[in-house]
Amino acid sequence: MSSRAALRLRTLQGHLGSPEGRGMESVSSPLTTHVLDTVSGLPAQGLCLRLSRLEDHGQQWTELRKSYTNPDGRCPGLLPPGQVKTGTYKLSFDTEGYWKERGQESFYPYVECLLCSQVVFTITNETHKFHVPLLLSPWSYTTYRGS
């Protein structure tokens, strides 16, 4: 088995055998994301992202958190419990930086997910959970509201 295939197998086993791999992060965040690099077929580790909320009656974005995806492509504790309030949010993913680190040209310098390319989304019920997966390649991306 090639080393690349072995790495994929270990990653898959980790997904199946760990709470993190099943989407249950150690911090129970009402907002989660998971980024997968569809070129390698592996989680997008080390991708910088920012979470912002629209403030001042729709006039200005306020950054709430800057973070990086973990080895599983996730960002645990993105929005801690109790900090959710109704409003419009966006996740900004630094895709250009991610691809540059891998020596790959990219068509999209960033993806803004307005919770929901832009990914901007609206939270209308503070008790719901929101999951925003991102499937990423240098030439395309897909996002959706997951569970």
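Every residue gets a Cβ built from N, Cα and C, even glycine.
Features reported for this protein in TrEMBL:
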BINDING   His34, Arg74, Tyr144  substrate binding site
DOMAIN    26-146  domain 'Transthyretin/hydroxyisourate hydrolase'
REGION    1-29  region 'Disordered'
Take the domain 'Transthyretin/hydroxyisourate hydrolase' (26-146) and count its residues per DSSP category (helix H/G/I, strand E/B, coil), listing them in that order. 7 helix, 57 strand, 57 coil
Enter the number of other CB atoms within 10 angstroms of the CB of Tyr144 (substrate binding site). 12
Can you tell me how spread out the substrate site is, meaning the largest CA to CA distance among His34, Arg74, Tyr144, in Å? 15
Please work out the number of neighbouring Cβ atoms within 10 Å of the Cβ of Arg74 (substrate binding site), leaving out its own Cβ. 23
What's the number of neighbouring CB atoms sitting within 10 A of the CB on His34 (substrate binding site)? 19
